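A.B. asks: This is the structure, below, for whatever I ask next.
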Amino acid sequence: MELSHLALVCAAIAFSSIFVVSQAGITSTHARVSEPSEEMSLETFPPPAGYNAPEQVHITQGDNAGRAMIISWVMPLNEDGSNVVTYWIASSDGSDNKNAIATTSSYRYFNYTSGYLHHATIKKLEYDPSKSRSRCSLHIRYYSDLGQTYASNQTLYNYMSNPKGQAVLFVGDLSYADDHPNHDQRKWDSYGRFVEPSAAYQPWSWAAGNYEIDYAQSISETQPFKPYKNRYHVPYKASQSTSPLWYSIKRASTYIIVLSSYSAYDKYTPQNSWLQDELKKVNRSETSWLIVLVHAPWYNSNNYHYMEGESMRVTFEPWFVENKVDIVFAGHVHAYERSKRISNIHYNITDGMSTPVKDQNAPIYITIGDGGNIEGIANSFTDPQPSYSAFREASFGHALLEIKNRTHAHYTWHRNKEDEAVIADSIWLKKRYYLPEEETA
């Protein structure tokens, strides 16, 4: 299992660019048309040929420390042996085979019954490279609001065409099944087949978005997150979480915290208590970079979903500044935006207002809800551009975070342009914990 790089796919598509520069930042006038993206049909991703063939294979980190992997797949029949994963050390001749036995389940949703969902955890894996975690470089890609449209396909193609990156962090809104009548669960199956060419070979980790809730009282489906929780397992118990909707993992020199925008988070709630304890566990001499994933953005200058993350921001932002979180990735808004390092935690006694101010101990907030979903682009930014916004564009695309060492990382966002990705935004990042200094593009 490689921990040498960490890459980050954020999602976008567009044409030629013009930039409007203000004291606030850059608003790119390069915008993709806002009409909904055309969704690929169910027939685009048929079940694989062969008797009881496994499908929708995906892998995710299986513990907090990175020494385990969860292998997940779906099969139409639950036969003997169909729940076993055989594995061995890559450098061996295969004679030291080991088996991992999967848990098996199936779920019903309205008039749909899933195939047999298997999740097997393989443990005691070796790090590659086997060197100090704090010195490891890392590339992670981030997606959000992907769906399964032709625009989504371009985003995934561009990501897979880039040789960098060994992991994906997905910031919510996967299949968009609930955009269809009765939350058509077949769209969960087609989505699993769609992303399998990547998700079966590189570990994906997920945050849950609003489209994972799948709450439909009109058809008596009142268990939130039922399809998502059954299909996508995460190692939440390894970080002492009580829910798969919030958890943490360590990957090379990075500590990654996943939060839930759609679960209770106020004082005395399980998520609040867990995060308070979790931040105390972060050892910056071991994992120098601290990254948070949350679906609804806290800083967003788009009219779509404006201020939806405000109550969560008020609850947790002081902790993020105190603990010098480096980056917060969000989705939800179907556009791209990067903030400056700002905080809004101090009350102004003069005018009674609380406004964002420059703060070198604060995170950069990046919205990457631009994966290519069926609903199209959110192309209505507020005017003028607020002072906290550094760059924004109404397009689809992907991004790459290259963590070079314990103090420096390079971030790029690539808009989709026809059959290639073009770098539209970039910045060198300096670790908040060691170098709380101004950063440059």
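One is the number of the first residue shown, and numbering goes on along the chain from there.
Yeah, the Cβs are placed from backbone N, Cα and C, and that goes for glycine too.
Quick caveat, the model's predicted, so the values are computed rather than measured.
Relevant sequence annotations retrieved from Swiss-Prot are reproduced here:
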type	residues	note
ACT_SITE	His305	active site, proton donor
BINDING	Asp145, Asp173, Tyr176, His334	Fe cation binding site
BINDING	Asp173, Asn210, His295, His332	Zn(2+) binding site
BINDING	Asn210, His332, Val333, His334	substrate binding site
CARBOHYD	Asn111	N-linked glycosylation site
CARBOHYD	Asn153	N-linked glycosylation site
CARBOHYD	Asn283	N-linked glycosylation site
CARBOHYD	Asn348	N-linked glycosylation site
CARBOHYD	Asn405	N-linked glycosylation site
SIGNAL	1-24	signal peptide
A.B. asks: Do you know offhand how many angstrom separate His332 (Zn(2+) binding site) and Asn153 (N-linked glycosylation site) by C-alpha?
C.D. replies: 19
A.B. asks: Using the alpha carbons only, what distance in Å do you get between Asn405 (N-linked glycosylation site) and Asn210 (Zn(2+) binding site) once rounded?
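C.D. replies: The separation of the Cα atoms works out to 35 Å.
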A.B. asks: Taking the centroid of the Cβ atoms of Asp173, Asn210, His295, His332 as the Zn(2+) site, which other residues of that chain lie with their Cβ within 8 Å of it, listed in sequence order?
C.D. replies: Ser144, Asp145, Val171, Gly172, Gly209, Tyr211, Glu212, Ser261, Ala296, Gly331, Gly369
A.B. asks: By the count of other Cβ atoms within 10 Å, pick out the sparsest of the recorded positions Asn111, Asn153, Tyr176, His305, Val333.
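C.D. replies: Selected from the recorded positions Asn111, Asn153, Tyr176, His305, Val333 on minimum Cβ neighbours within 10 Å: Asn111.
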A.B. asks: Pop the Cα-Cα gap between Asn210 (Zn(2+) binding site) and Asp145 (Fe cation binding site) into the table, whole Å please.
C.D. replies: 10
A.B. asks: Starting from the Cβ of Asp173 (Fe cation binding site), draw a 10 Å sphere and report how many other Cβ atoms land inside it.
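C.D. replies: That number is 26.
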A.B. asks: Determine, for the substrate site, the additional residues of the same chain whose CB lies within 8 Å of the mean position of the CB atoms of Asn210, His332, Val333, His334; present them in sequence order.
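C.D. replies: Here the nearby residues are Ser144, Asp145, Asp173, Gly209, His295, Ala296, Pro297, Tyr304, His305, Gly331, Gly369, Ala378.
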A.B. asks: Roughly how many Å lie between the Cα atoms of Asp173 (Fe cation binding site) and His295 (Zn(2+) binding site), rounded to a whole value?
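C.D. replies: Cα-Cα, rounded: 8 Å.
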A.B. asks: Please give me the recorded positions out of Asn111, Asn153, Tyr176, Asn283, His295, Val333 that lie within 10 Å of the residue listed as 'active site, proton donor', comparing Cα atoms only.
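C.D. replies: Qualifying among Asn111, Asn153, Tyr176, Asn283, His295, Val333: Val333.
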A.B. asks: Nearest of the recorded positions to Tyr176 (Fe cation binding site) by CA-CA distance, picking from Asn153, Asn210, His295, Val333?
C.D. replies: Asn210
A.B. asks: Given a 10 Å Cβ-Cβ cut-off, pick out the one of the binding-site residues His295, His332, His334 that has the most other Cβ atoms nearby.
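C.D. replies: That would be His334, with the most Cβ atoms nearby.
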A.B. asks: For the recorded Fe cation site formed by Asp145, Asp173, Tyr176, His334, name the remaining residues of the chain with Cβ within 8 Å of the site's Cβ center, in chain order.
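C.D. replies: Same chain, not in Asp145, Asp173, Tyr176, His334, Cβ within 8 Å: Ser144, Leu146, Gly147, Gly209, Tyr211, Gly331, His332, Gly369, Gly371, Asn373, Ile374, Glu375.
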A.B. asks: Return the member of Asn111, Asn153, Asn283, Val333 nearest to His295 (Zn(2+) binding site) in space, with distance defined Cα to Cα and candidates limited to these recorded positions.
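C.D. replies: Nearest listed residue in space: Val333.
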A.B. asks: Determine, using Cα-Cα distances only, which of these recorded positions is closest to Val333 (substrate binding site): Asn111, Asn153, Asn210, Asn283.
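C.D. replies: Of the recorded positions Asn111, Asn153, Asn210, Asn283, Asn210 has its Cα closest to that of Val333 (substrate binding site).
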